[in-house]
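Beneath this line is the structure, given in structure tokens, with notes to follow.
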Amino acid sequence: MNLLLAEVAQATQRLADAGVPSPRTDAEELAAYLHGVKRGELHTVPDADFDARYWEVVARREAREPLQHITGRAYFRYLELQVGPGVFVPRPETESVVGWAIDAVRAMDVVEPCIVDLCTGSGAIALALAQEVPRSRVHAVELSEDALKWTRRNMEGSRVDLRQGDALTAFPDLDGQVDLVVSNPPYIPLTEWEYVAPEARDHDPELALFSGEDGLDLIRGLERTAHRLLRPGGVVVVEHADTQGGQVPWIFTEERGWADAADHPDLNNRPRFATARKALP
């Protein structure tokens, strides 16, 4: 075993003792980041090239600073995104939301589907859809100026129409024209604050995490926004907490102009997102 792999083994134990959920992966990611190699190439780093700063970044992760803040990058589907303080770090669970959205858009057989991403954050969802649905017209909105600093970096050179504003009033010029509305909004109940992982609670912006006493305040508002934006037959996809699968689909009721409301699991088989179709006239 070379020196770097031995140090990674020690770092793994330290991170595990600190309660980090994925200690081995994070120890390897930090080593790869600092030494400019891929995780699978750590064994190729000569002992003489070991960077003593490794223990500095391990200490930061040990203190539960997000891995993505330390490395400045987050991976989402086929994207590498720039992230840091002020913007929500995209989660693997949201990849299931995007996968379902892509399948839904392709099934529509629309030549240039119009897609809106509400609460875009880093831009992960919007950019993934623009990349994987090549002829789509993708629009995204974000309220926070701090988050937008990162969004603009990630979207530089892309064809996504990015705007700053409130998701509830966004894109009046697209009313009734949108094929798909997608959102990963804040949905954590304020009462759950103390149970949120330190990486999120202490580092993600509160605006991107919490939404009222039951966590559903913004989703209730987005239901009306989605209905306003969508064409008849258009689809909405909204992420939620794994404890809200029995509640969110009921926000999209027939009485409010929806059909086919349903809930869907993520790759870990936990309730993760709700979908509904705007009813035909």
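Including glycine, each Cβ sits where the backbone N, Cα and C put it.
For Glu142, Asn184, the entry in Swiss-Prot reads S-adenosyl-L-methionine binding site, with the evidence type sequence analysis. For Asn184 (S-adenosyl-L-methionine binding site), the same-chain residues that are 6 or more apart in sequence and have a Cβ closer than 8 Å to its Cβ are Thr94, Val97, Cys119, Gly121, Ile125, Val238, Glu239.
As annotated by Swiss-Prot, substrate binding site applies to Asn184, Pro185, Pro186, Tyr187.
The region 'Disordered' annotation in Swiss-Prot covers 261-281.
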For Glu142 (S-adenosyl-L-methionine binding site): DSSP state (helix, strand, coil): strand
Pairwise Cα distance for Pro185 (substrate binding site)/Glu142 (S-adenosyl-L-methionine binding site) [Å, integer]: 11
Residue pair Tyr187 (substrate binding site), Glu142 (S-adenosyl-L-methionine binding site) - Cα distance, angstrom, rounded: 16
